[in-house]
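What Swiss-Prot records for this protein:
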BINDING   C99, C101, C110, H114  [2Fe-2S] cluster binding site
TOPO_DOM  1-37  topological domain 'Lumenal'
TOPO_DOM  61-135  topological domain 'Cytoplasmic'
TRANSMEM  38-60  transmembrane segment
Amino acid sequence: MVLETISRIIKIQLPAYLKKLPLPETIGGFARLTVSEWLRLLPLLGILALLGYLTIRPFLPKKKKQKDSLINLKIQKENPKVVNEIDIEDLKRTNVCYCRCWRSKTFPVCDKSHIKHNELTGDNVGPLILKKKIL
């Protein structure tokens, strides 16, 4: 029953549908098609567009996948929670940058590792900058 239905669609209904389509002889003929003729062409154009997309999809660039889901990969992993406390009065310099991406080799001080991290993951993390106010 199912094969008979498929056979009928392919052998009878599809050729009849294609014969009724208002396909112009030239490319310029598409400009002279009426709205109702365009509406009759829409199913065919939709199927052709879908087949074209499915054909080129393997060649399209893949989306970047995030390399790792953990943020902190190596800093003080033996502690359940990493906390660094710095007394602001002890700041020697006027500007100090602290790491927020957990990739710094000089943690907790930023060594600009976030730049590479942002490129790899598409993230937008930056350092925490503390400025000493001079009165």
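Glycine is treated like the rest: Cβ placed from N, Cα and C.
On a predicted model such as this, the values are computed, not experimentally measured, just so you know.
Long-range contacts of the transmembrane segment (38-60) within its own chain (CB-CB distance under 8 A, at least 6 residues past either end) are made by residues 18, 20-23. If you take every residue in the topological domain 'Lumenal' (1-37) and average the pLDDT, you get 91. Residues of the same chain lying 6 or more positions beyond the ends of the topological domain 'Lumenal' (1-37) and with a Cβ under 8 Å from any Cβ of it are 44.
Within 8 A of the CB centroid of the [2Fe-2S] cluster site residues C99, C101, C110, H114, the other residues of that chain are C97, Y98, R100, W102, R103, S104, D111, K112, S113, H117, V125, G126, P127. For C110 ([2Fe-2S] cluster binding site), the number of other Cβ atoms no farther than 10 Å from its own Cβ, over all displayed protein chains, is 20. Applying DSSP to the topological domain 'Lumenal' (1-37) sorts its residues as follows: 28 helix, 0 strand, 9 coil.
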